Amino acid sequence: MKNPFYYIDIEREAQKYWEDNKCFETVEDMNKEKFYCLCMFPYPSGNLHIGHVRNYTIGDVISRLQRMLGKNVLNPIGWDAFGMPAENAAKKNIVSPNKWTYTNIEYMRKQLKSLGFSYNWDREITTCNLNYYRWEQWFFIKLIDHGLIYKTNASVNWDPVDNTILANEQVINGIGWRSGAKVERRKIPIWFFKITEYAEELLKCLENIDWPESVKKMQINWIGKSKGIEIFFKVMASVPNFLSKLKVFTTRPDTILGVTYIILAPDHPLVELAAQYNKKLNKFCKNFRIGGNSSVELLNKEKIGLYIGYKVLHPITHEYLPIYVSNFIIMEYGTGAIMGVPAHDQRDWEFAIKYGLPIKTVITDYNGNIPDISKKAYTEYGLLINSGIFNNLNFFEAFDSINKYIKKINCGVITNHFRLRDWGISRQRYWGTPIPIKYGPKGQTVPLTDEELPVYLPTEVSFNSKFNLKKLPSFYDLGNGWVRDTDTFDTFIESSWYYARFCCNDNKKSMLDARVNYWLPVDMYIGGIEHAILHLLYARFFHKLLRDFGLVECDEPFKKLITQGMVVTPTYYREIHGKKEWFNPLDVKLNKDKKATLTKDGGTVIKSGIEKMSKSKNNGIDPKVLIDKFGADTLRFFIMFSAPTEQSLIWSETGIIGANRFIKRLWNIVHIHISKSYSENNKIKISSLTPEQFILYRKTHKTIKKATEDMIGRHTFNTVIAKVMELTNLVSRFLDYSIQGLAVTREALKSIILILAPIVPHITHILWKKMGYSYAVIDAKWPNFNEPCLLGKLITVVVQINGKLRKLLKLPSNYGTQNKKLANAILSSKQIKGYLIGKNLKKIIIVPGKLINIVLKQ
């Protein structure tokens, strides 16, 4: 009986069933335990890539698995639709960002559906939809009213080509990451969220979430809490519009007596004021504003400085110390001012050597040995010298004593500083959420009222490279000299609360409602580790804002986090006229001699290595090509089998072919079994199983146990698939068509289908149906394993015939004490029967639990 494997028909039938029966629609049910699984939603770029598919397959497998465990599962999807890439693509294709975005969404939605993901499409969100972003505008106003948002002039990285602000992470060697233009430092008015007010809580709450330690550490370092002393140095000159005290934060107050100069950042207020009267200083500051000024880039730059013409008074020694400006100090950290201690800080030492500044040793080692600072600074803790009343104190004693002294003379205070800075959310772009602010003819800054909200972003515009909202009078000009703010929100705002809106996306009257408290926090959040800092930190902060305004109850948005590894692929090229031409891996054939050739012409290509997918190397893999050729289940199986979730997955055509081969084999094995007559009334009687039947039965339950522990407890799927493949191989060799043989086979196949149902849902839907079950596998429960069967030990019995070793059989331990049962089991074993054909039995010699010797008549 032929049962051809037509994956297109299989997938069409399964997906139609799910859609017709609304299998993935979810409502709140207080009588069921909930499970909220969420993958980081995609940007609608136009095409899903394999990285997307891996992310969403992991999430779908977990969602389907939790459903089988009886939980009420929410597995939504949406689109992170605003942002600069849409603008750039729209300019290139001469189409509005709105049309470009929605066209891409329509195509990508079809791609997601073709993979059989169990999304509740009724909860779909698109962040450029007014019914979504209007609530951001409303919340923005509430935050202003409560003092959690402010506007100020700030130094930013400015891309002169894209005409927008860039984060430090988007500036690479002084160049804009997208435009390639040399970045400038500018001061412009920006709206800020006061994320620093939540810095302490953001640190503390990391203890309560089940996230990878590597991600937690990245957030801890980014927040960067430092305990130290803020010391006030008096400026010994009258500087217009500047207070006489200069604040310097240090974590090493034990070195304060070794300060010989002060260094300020080029955009420190004192430097900017002094530059108005100093041409040389003004030029220095202008040069600083060109190129990247992140901490990493400044570390690699040549350190240059300039005396600004002012001095400060040391609060303890009362010495006059010169004030320098330098390019390795930035305002974003500390106070934008440091005390130069060249004897005990390497950067300060290099600066002092370069500019001939004094170097004063104030720390020895713990044995009192004075360090040699002629070649480098001594940066270890030790004992204080040349420090007057603080001599001979160690670091901790000095910290306490100097703090008390500084406090006593009103020249400082102990405090905590954070590396984290307030979140600047203004962007000079069109395609984003309009900031709900208006400006009056006299410079008034006025938040819009509830009645004036929402501010709708015009979408039907004639879009080109020079378009901005100021050129649209119907939007910008409010009459009588009043105008709108034409900046838009940082798109990280949209991705900072979408997880909550999924819970009540149909609510048109409020931002969130009570349903969020049923679903939140998200039980499983899945996405790349590249989002460890910005997105995940901003989402945690935004969630705490929502909590403090009574919109959610829990403290954290995401209970558990999985950071899946990247998908990497081989890269292939040819040298053509001195340039490399890159070829897609799907167009390359690997021959038996391991040489790579191009399928279209048979010519040799060179394998460069295995790298992250990129357009420049042409090594991206289009999922549609694989789905069209092998089917969605094959792709899903390959993704879940080829690597542990957190590790990089190496794309391999042989791996895809192997996955497809296994699925077809399973299809055939099930059809062979269902072709045999069998009744569900035939139950397994463990005590009467033959050795071969028991081995298969035990292997089935060992596999269920492994799947339960690894898939549910550890979220490792590749190990489970390997065990399922072992069980499938055993079933394929098991040709016992007795009543008990068929019963054991059926239980093994049933278990295989149930374990694989979350991974390859289409084929398992059909196979389950063909096995005669009255309900769909999507509604089936996760299989249970027989623990007593697994706990029972196996014994190894040596089987001899006329004294010659023939087999080593593993049998249940109770066979070791029942000689008659052991003899019957051995004689009926398919592995022994072949030796007995045409022979007469003389006697059987048994050593209980160890050996059986079958003696045949000669």
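A Cβ is built for glycine as well, from the same backbone N, Cα and C atoms used for every other residue.
Because TrEMBL annotations are produced automatically, they should be read as predictions rather than curated entries.
Given the ranges 42-52, 207-217, 438-448, the record in TrEMBL names 42-52 as motif ''HIGH' region'. Of the candidate ranges 292-296, 612-616, 827-831, TrEMBL annotates residues 612-616 with the feature motif ''KMSKS' region'. Within 10 Å of the Cβ of K615 (ATP binding site) there are 8 other Cβ atoms, across all protein chains. The average pLDDT computed for the motif ''HIGH' region' (42-52) is 90. Among residues of the same chain six or more beyond the domain 'Aminoacyl-tRNA synthetase class Ia' (608-647), those with a C-beta under 8 A of the stretch's C-beta atoms are 7-8, 10-11, 47-54, 57-58, 60-61, 111, 114-116, 212, 562-573, 582-586, 655-660, 662-663, 715-718, 721-722, 759-763. Shown for the motif ''KMSKS' region' (612-616): DSSP residue counts in helix, strand and coil, namely 0 helix, 1 strand, 4 coil. Taking every recorded stretch in 38-171, 221-406, 420-568 and counting its Cβ pairs under 8 Å to the domain 'Methionyl/Valyl/Leucyl/Isoleucyl-tRNA synthetase anticodon-binding' (696-814), the highest total belongs to 38-171.
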